[in-house]
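Asks: Take a look at what Swiss-Prot says about it:
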type: TRANSMEM; residues: 3-23; note: transmembrane segment
type: TRANSMEM; residues: 46-66; note: transmembrane segment
type: TRANSMEM; residues: 84-104; note: transmembrane segment
type: TRANSMEM; residues: 107-127; note: transmembrane segment
type: TRANSMEM; residues: 144-164; note: transmembrane segment
type: TRANSMEM; residues: 185-205; note: transmembrane segment
type: TRANSMEM; residues: 213-233; note: transmembrane segment
type: TRANSMEM; residues: 246-266; note: transmembrane segment
Amino acid sequence: MDFFNLLEAAFLGLIEGLTEFIPVSSTGHLLLIGHFLGFESTGKTFEVLIQLGAILAILSVYSAKLARIATDFPRDARTRRFVLGVLVAFLPAAVIGALAHGFIKGVLFETPMLVCIMLIVGGFILLWVDQLNLRPRYHNVMDYPLPICLAIGFIQCLAMIPGVSRSGSTIVGSLLLGADKRSAAEFSFFLAMPTMAGAFAYDLFKSRNILSFNDGALIVVGFIMAFISGVFVVRHLLDYVSRHGFALFGWWRLIVGSAGMAALIIWG
């Protein structure tokens, strides 16, 4: 392990935290970076634990809201309906993700060109949705009806294709189903908690026999960077999309997807 390895670990942790909660596909970015940089020194352990850093980032930022939800849950029907809605939205990904885990990790995650195509397609979709003259019916995540939550949950399953983006699919789905931009992003945050935690736990279980902490310093650096950058994004994203929408992320996807595709064609 040398300074370059530490720098690379910090960079990957930064990318995980910055891209996990915005609609640009953290998995797509990490797969492309891994393909072109060949970062394999920490393997599965590094991949799993930097994701934990992002999970803890959103839990820390939303700790006060989560505590309030827990306090209100026994006596407030609206809060109970909201929690049920998040769980209902989580179920499709939990079931389909468990059933298709081998195919997703073994086939889809080994196809960098697919990542680039999905980044580009998703970029065009974000730009299109951002320009639509939508009239939102839901301005607060607490008011999402259960059928809407279930529909968002099925739409989230599209993000099992690397490059689609979990947050991107849920945000676009929420917007098209009647949510305003701020609540769409916030519901994506709440849905991220069980979805990411479930994916983390499942990956940890499936990889339990190959996990290694030999490169502990790299794991710690990546974890810390994912946590810090994740906290920054979660704190500022809602205000940003309320004022500016999602066009920036659409262009971001188009640029990264096109650059990745060109690099794959030229260098493979």
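Every residue gets a Cβ built from N, Cα and C, even glycine.
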Asks: Which of 3-23, 46-66, 144-164, 213-233, 246-266 shares the most C-beta pairs under 8 angstroms with the transmembrane segment (84-104)?
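Replies: Selected stretch: 144-164, with the most Cβ pairs under 8 Å.
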Asks: Mind pulling out the one from 107-127, 144-164, 185-205 with the most Cβ pairs under 8 angstroms to the transmembrane segment (3-23)?
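Replies: It is 185-205, which has the most Cβ pairs under 8 Å.
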Asks: Based on Cβ pairs under 8 Å, which of the stretches 46-66, 144-164, 185-205, 213-233, 246-266 lies most in contact with the transmembrane segment (107-127)?
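Replies: Stretch with maximum Cβ contacts: 246-266.
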Asks: By Cβ distance under 8 Å, which residues at least 6 away from the ends of the transmembrane segment (144-164) in the same chain are close to it?
Replies: 25, 27-28, 31, 81-82, 84-86, 88-93, 96-97, 100, 104, 108-109, 111, 114-119, 122, 138, 170, 172-174, 177-179, 183, 187, 191, 195, 257
